[in-house]
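Asker: Got a structure for you, questions after.
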Amino acid sequence: MAAFKLADRLATLPPYLFAGIDKVKAEVAARGVDIISLGIGDPDMATPGFIIEAMKEAIARPANHQYPSYVGMLAFRQEVANWYDRRFGVSLDPATEVIGLIGSKEGIAHFPFAFINPGDLVLVCTPNYPVYHIATGFAGGEVQFVPLLEENDFLPDLDAIPEDTWKRAKMIFVNYPNNPTAATAPLGFYEKLVDICRRFDVIIAHDTAYTEIYYDEDNRPPSILSVPGAKDVAIEFHSLSKTYNMTGWRVGMAVGNPTLVAGLGKIKENMDSGIFQAVQEASIVALRDGDDFCRELRGIYRQRRDTVITALHKAGIQCRVPQATFYVWARVPQGHTSADFVTRVLQETGVVVTPGNGFGTPGEGFFRISLTVDNARLEEAVSRIAKL
C-alpha cells in the first residue's frame, strides 16, 4: 500500500481538543462507570415540533430535492432580515447583506479564504472557538492572539493592542456571548471596536451564535450591527443550532457588509452547493414563529445554570454567574492545572468537563461545563465533582 503524505498545512494543526479526553473516557467506561458528559456544547433537547412538522411538509415538495442556491433561498434570507429587524432593530438588504450557511462553522471556516492573503495578520481573541485560528492558518494568514482575561471581564483590552498592530491587521475575530467563557459584551465595547476598525480598515468577523441563550430580559445581547457604521467593517455569523436545538440540521447565516458577504459567497459558489431547501423552509418557520419556544428554552437553561452555580459555590469552586450561553466557566482548584483537574474528575467521578487550556493559553486554570444534560443529571454530576 502506498504511503501517502498529508499536506503540510495539516502538520500545523493542534491536537484535537477532545482526543485525550475521549481516550480516558473509554478507559473509565470500560470499568463500568456511569459517564456524564458535560463536555461538548451540543443541546440535549429535541428540535421543537412545529419546526419538524414544517420540515416534513417541505420534504414532500419535489422542487426541494434539487440543487439549492449557494447563497440561500431569497425567502430564507428575507426571513433572516425580518428576524434581525425584530430582534436587534438592524435593517438588512436580503439580496446583498445576508447569506445562508451550512451552519455558522462552515461560514467562519470559509471566510478567511475570501479576504486573507498569505502573511496577512489576523487578530484572534482567546480563549476561543478553534476554527478562527485554524481557518486563518489554512488561508496562510498570520495569527496573533489577543487575551481575554477575567480582570477585564473576558473582553479584549483594545487599548493594549499597539497602533502598529492595528495598522498591520487585516481582520479580527470576536465572539460574544462568548464560548467558552460565557462572557457578554456591552454595546459600548462594540462601539469602540467599530471605531478602531473603521480607522484602520480592519475587518470584524463576529461570531454571535449564542445571542438567544441569555438570562436577563432587560439586558439582551446586542448585535454588533446595532452600532452606527458597523456595516462599513463587520460581518456577523449566526446559527439556528443553539437557538432552536438544530445542531444536526446545519443551517446558519452571515450578515453585514455587502462586500464581505459577497466575498464569502464567492468562496461558497466554488466550494459547496448550499443548504438543503427543505431545511431552509423549516428554518423560515423557526425564525418567524420561534420566540415563545426560545423563551421556554431559556427558562430550562436558567434552572440548570442555577443548579450548577449553587453546587459549585457550595463546593468552594470559583465561577462567575453566566449571563448568556449554556456554559459555566469555572476555576480549577489550587494545585491543579486544567488538564490535571479534568483528567482527575473523569477518572474518579466519570464526569466529562472540558479543560480551559484547550481553548487557548489564557484558558489555563479554568474548566468549562456544558449545561446540556437534564437537571437531575447535572445535580448528580456536580455532586460527584464536589466530593473530590
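Cβ coordinates come from backbone N, Cα and C, glycine included.
Quick paste from Swiss-Prot:
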type	residues	note
BINDING	Tyr16, Gly41, Lys105, Tyr129, Asn179, Arg368	substrate binding site
BINDING	Tyr70, Ser104, Lys105, Tyr129, Asn179, Tyr210, Ser239, Leu240, Ser241, Arg250	pyridoxal 5'-phosphate binding site
MOD_RES	Lys242	N6-(pyridoxal phosphate)lysine
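Could you place these features in context, so I can see how deep they sit and what lies close by?
Answerer: Annotation note: Lys105 (substrate binding site) sits in a helical segment as assigned by DSSP. There are 19 other Cβ atoms within 10 Å of the Cβ belonging to Lys105 (substrate binding site).
For Tyr129 (substrate binding site), the Cβ neighbour count at a 10 Å cut-off comes to 22, with all displayed protein chains included.
Taking a C-beta cut-off of under 8 Å and a sequence gap of six or more, Lys242 (N6-(pyridoxal phosphate)lysine) has these contacts in its own chain: Gly41, Pro43, Ala209, Tyr210, Glu212, Ile213, Phe326.
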Asker: Let me spell it out: for each of the binding-site residues (Asn179, Ser239), count the other Cβ atoms within 10 Å of that residue's Cβ, using every protein chain shown. Which one has the most?
Answerer: Ser239
Asker: How long is the line from the C-alpha of Tyr16 (substrate binding site) to the C-alpha of Ser241 (pyridoxal 5'-phosphate binding site), rounded to the nearest angstrom?
Answerer: 22
Asker: For the binding-site residues listed here (Tyr16, Tyr70), tell me which residue's CB has the most neighbouring CB atoms inside 10 Å.
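Answerer: Output for this query is Tyr70.
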Asker: Let's check the environment of Arg368 (substrate binding site): how many other CB atoms sit within 10 Å of its CB?
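Answerer: For Arg368 (substrate binding site), the count of other Cβ atoms within 10 Å is 26.
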Asker: Have a look around Gly41 (substrate binding site) and count the other CB atoms within 10 A of its CB, chains all included.
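Answerer: For Gly41 (substrate binding site), the count of other Cβ atoms within 10 Å is 21.
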Asker: Looking at the binding-site residues Lys105, Tyr129, Arg368, which ones sit with their CA no more than 10 Å from the CA of Ser239 (pyridoxal 5'-phosphate binding site)?
Answerer: Lys105
Asker: Could you tell me the C-alpha distance between Lys105 (substrate binding site) and Tyr70 (pyridoxal 5'-phosphate binding site) in angstrom, no decimals?
Answerer: 16
